[in-house]
């Protein structure tokens, strides 16, 4: 069964909305680095069959689509919320803040938002479970957020090469956990996340 990932947008166009943004984040799970959110508005009816949930795409494909989305989107907003804020307000609230901030950075004010399973303030919205698979706007936002965050983690890898951030992007892989135990906690690790918090208590 093929999924019509324009169905949510079409329903809103039929209700008279013109500017609909999809919003998603990347980086809720990692032990290090920021959470990044993106908001994307396409022209009414825009479709591209390859734009899908960023997690299902190869890094190379994501980067190709990142450029395509930048070319075709009417507006893109991106927000980066760092590890210190994540530790202060928790990852769920940090992700929510990043999504709301990404919307505020759009050069066109959206009339409605579609989010990937997140409640937000300041705009009428629909929270969609597995939204990055069901809405092209959310899928595009997931790609923008993921590619942006991955690039940031590659940059961090140059500052802290011993942790291998360019490979695992901060996720808790075996290699990352081994590096954590060997080298200790870096300045960009999330101190409230269990494996890091455990190390800090030792």
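Quick reminder: no glycine exception, Cβ is built from N, Cα and C everywhere.
Counted within 10 Å of its Cβ, the other Cβ atoms near residue 25 (divalent metal cation binding site) come to 27, all protein chains included. Following the DSSP three-state reduction, the secondary structure of residue 25 (divalent metal cation binding site) is strand. Swiss-Prot lists 24, 25, 116 with the feature divalent metal cation binding site.
For 18-202, the entry in Swiss-Prot reads domain 'RNase H type-2', with the evidence type sequence analysis. Here the domain 'RNase H type-2' (18-202) has a mean pLDDT of 97 out of 100.
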Counting other Cβ atoms within 10 Å, pick out the least crowded of the binding-site residues 24, 116. 116
